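So the structure is just underneath, and the comments pick up after that.
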Amino acid sequence: MNSGIRTSVVITNLLNIALVLQVIAVVITQQKLEANIENANFHIGVLVGYISNILFFMSGSLAFFTEGKWLPKYVKSAYLLLLCWVVLVYFRTGGSLLDPGSFMEVKGVAPYLGMSVLFAAKAPRFLKIMKFLLWIGLALAIGGIINTLKLGGGFDRMTAQMQLRLIAVNLVWISPLILFFNYKKYKILSLSIFGLSFLFSLLIVTRSFLLIHVLVFLFFMRVVLKKKIGCLILGLLVVFIGVIYLAPQIGAIEHAINLLNERGNDDTRSTQILLFLADISFYDFIWGAGINSTWNYASIGEYGWLDNQVLLTAWWAGVVPICIYLMLFIKPMYTFLFKKKVNPQIKAVAFMLFLWILALLGFGVYVSISTSLYHFVLCFSMGFLLHVIKLKMRFKNAI
């Protein structure tokens with residue numbers, strides 16, 4: 001076995017181990033949320049997450065130096081500029097390597113170090129990881145089922161989120177990829193994971209997640225399975241009737257539907273953005289306000305976060321890194337999503353990047369440019385499309 005093959009095997013194994021550790025971290029942290037101690041400074045889930053992040057970075061770094069040639073030339077330069085800019089802002093505004101909490105946070109360096117997994121996403125490895133993702137999704141789904149059984153018939157939205165939020169937010173991005181790449185061999189299992197992901201999103205009463213599931217289902221039926229519009233309508237009707245039928249039978253589902261109705265047209269994100277833009281200095285968008293930046297949120301006081309991740313990143317880190325970040329996602333998404341003669345699975349990955357961009361713009365909640373499992377998977381998927389661009393694998397049945 002030559003050195004190149006050995007390095008490739010090491011990269012793949014590092015990714016697999018990192019994914020398993022991420023699932024363990026999600027499950028442990030979800031239990032901390034359940035116990036209502038999410039503000040604890042340190043627990044074993046955090047440590048496992050740190051180790052996982054290190055492994056992701058190691059695999060990405062190895063791939064950067066050994067497999068980076070299989071990406072378009074601009075990708076390396078763009079990524080390095082993005083990373084260097086974030087590092088400079090982080091340390092310029094008081095960040096420290098001795099503060100792992102800040103380093104690993106949304107306003108930290110770790111999410112961008114983890115982005116390096118995009119260099120490890122060459123086609124053969126990507127397909128292997130997509131198959132492995134089936135078992136990752138199954139583990140999360142089982143954890144979600146166990147926590148769902150604890151809810152009972154009556155609960156409020158906060159209680160449901162304490163039980164399911166982390167599992168739901170990861171599955172909403174992972175389960176579509178499981179469906180796209182594993183349906184042919186594991187029809188029932190992949191559909192079940194996707195269906196459970198929809199259920200968890202319903203139970204935590206998150207409208208944007210429910211919409212993502214509907215859009216993914218329609219895309220899957222029309223583009224991947226190539227079903228006609230009539231079949232799509234019939235499929236949605238069956239799902240709708242199933243939910244209506246099950247709601248009275250299962251108290252948790254009925255209660256979740258009632259909570260969803262109560263939320264109605266409640267829109268807090270638009271108001272939040274208007275208050276944010278009225279309070280901050282637009283000079284911060286040039287160089288970045290830094291990791292300790294806050295703004296005066298009328299109902300809360302000094303607040304450091306925002307539901308719109310594009311604005312949040314442009315505010316704390318500057319407009320340059322978020323523009324590079326979006327460019328890395330938009331280029332491959334646009335290349336494959338809006339062209340006809342593209343392999344359905346490749347187009348499906350591009351569709352997930354499209355939904356991710358919308359989520360960053362504020363159409364989704366609980367998502368961020370972070371060290372979360374779903375962000376690593378999405379960056380890996382983006383890297384795969386960039387590899388496909390370089391290799392010109394747009395012919396039919398390319399993967």
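Residue 1 is the first one shown; counting continues down the chain.
Cβ coordinates are placed from backbone N, Cα and C, and glycine is handled just like the others.
Only residues 6 or more beyond the boundaries of the transmembrane segment (7-28), in the same chain, are considered here, and those with a CB under 8 A from a CB of the stretch are 1, 43-46, 48-49, 51-53, 55-56, 58-59, 62-63, 66-67, 117, 120, 125, 128-129, 132-133, 136, 139-140, 143, 166-167, 170, 373, 376, 380. Feature annotation from TrEMBL assigns transmembrane segment to 7-28 (among others).
Residues of the same chain lying 6 or more positions beyond the ends of the transmembrane segment (40-65) and with a Cβ under 8 Å from any Cβ of it are 7, 10-11, 14-15, 17-19, 21-22, 24-29, 31-32, 76, 100-101, 104, 110, 113-120, 371, 376. Feature annotation from TrEMBL assigns transmembrane segment to 40-65 (among others).
TrEMBL lists 77-95 (among others) with the feature transmembrane segment.
TrEMBL lists 132-150 (among others) with the feature transmembrane segment.
Taken from TrEMBL, the feature transmembrane segment covers 162-181 (among others).
Taken from TrEMBL, the feature transmembrane segment applies to 193-220 (among others).
What TrEMBL lists as transmembrane segment is 232-253 (among others).
Positions annotated as transmembrane segment by TrEMBL: 315-337 (among others).
Sequence annotations record features per position, and here TrEMBL assigns transmembrane segment to 349-367 (among others). Cβ atoms under 8 Å from those of the transmembrane segment (349-367) belong to residues 165, 169, 173, 176-177, 180, 206, 208-209, 212, 215-216, 219, 223, 269, 273, 307-311, 326, 329-330, 332-337, 342, 374, 378, 381-382, 384-385 of the same chain, restricted to positions at least 6 beyond its ends.
Marked as transmembrane segment by TrEMBL: 373-389 (among others).
In summary, the transmembrane segment (373-389) does not lie against the transmembrane segment (77-95): fewer than three C-beta pairs, each 6 or more positions apart in sequence, are under 8 Å. Contact between the transmembrane segment (315-337) and the transmembrane segment (77-95) is supported: at least 3 Cβ pairs lie under 8 Å, counting only residues 6 or more apart in sequence. Counted over residue pairs 6 or more apart, the CB atoms of the transmembrane segment (132-150) and the transmembrane segment (77-95) come under 8 Å in fewer than three pairs, which marks the two as apart.
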